[in-house]
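Taken verbatim from Swiss-Prot:
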ACT_SITE  48  active site, proton acceptor
MOD_RES   48  N6-(pyridoxal phosphate)lysine
BINDING   149, 326  substrate binding site
ACT_SITE  278  active site, proton acceptor
């Protein structure tokens, strides 16, 4: 790897554990996605939750340079963080915002808001009137077409958009919705949500209201059906090089971006019958070489992976043994008798011909790769690698 972009106050090589972000892979993914879209369709890079654990500022800057048009975050502080880093691209707050403090911050930092109900629209307009904000705030109208989360029911789309259009201080930038089952091989529910979205847009057009932009597709829908691309797609997981579902893997070539690394801090020989870690969940069946790795569940390695996971050392798979502790975990290093303290262990990522992915962890944990990625804590420095 040619160079490192430091994302923490300490030198990357001095760390007990860290997360490497492959910025070339990230750029590749954005460019591949852009090529998959029509020239008229914009790409929003979703960088909420610290860019799914990858580091929001570095990811946002790289994604924009690679061709993303705008950014999506969940909260106002996430948007402010990007503005403070000097990012000028449009930033949409995908989550709910209601308080005067949130609305004032959106205005101050030139963010864009999701409006999901008439009540919220009125609160926004009244608050902006109170603070005497001069220019209108771009807002994105959220419709509920089947997710049963944020948004006004699609059947009331016309009257809802008409209300927002008439309110002072609000400028409608788009109408959008979110799909609940786009990653399913069965497209039935997605098709129904698509139909509802189309009917909602027809309602709005009947009233003579022009909407600058429409967006519906997440990563899965972007890969599954070009009819859902509209004017913009909101892509999160695919930007980070993961596929939302196995049946979508042949649609586009993506490269995983994240690599989680830690160091060997101690190596010892243990006798047969020796218990390892809390609760002695693992008992050595024979004499073994044991190595301690400087990463644990406080860093984002789930304790439920205890005795279920492997790590990579020198391009080989090595089993983890015993209960994963807060700051450390143990591995069976018997296959590497000359293993030395200070050597690097890969928990997620690639070494040689072997690789371990977030999907592997998700399968072992009976969860989803999104949760795995978002679990890596801030005490792991993010290091951008070119």
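Every residue, even glycine, has its Cβ placed from backbone N, Cα and C.
According to its DSSP assignment, residue 278 (active site, proton acceptor) is helical.
When the Cα of residue 48 (active site, proton acceptor) is compared against those of the recorded positions 149, 278, 326, the shortest separation belongs to 149. Between the CA atoms of residue 149 (substrate binding site) and residue 278 (active site, proton acceptor) there is a gap of 41 Å, rounded to the nearest whole number.
Least packed by the Cβ count within 10 Å, out of the recorded positions 48, 149, is 149. When secondary structure is read from DSSP and collapsed to three states, residue 48 (active site, proton acceptor) falls in the helix class. Within the same chain, the residues at least 6 positions away from residue 326 (substrate binding site) whose Cβ sits under 8 Å from its Cβ are 296, 297, 298, listed in sequence order. Non-local contacts of residue 278 (active site, proton acceptor) by the CB criterion (under 8 A, 6+ apart in sequence, same chain) comprise 322, 323, 325.
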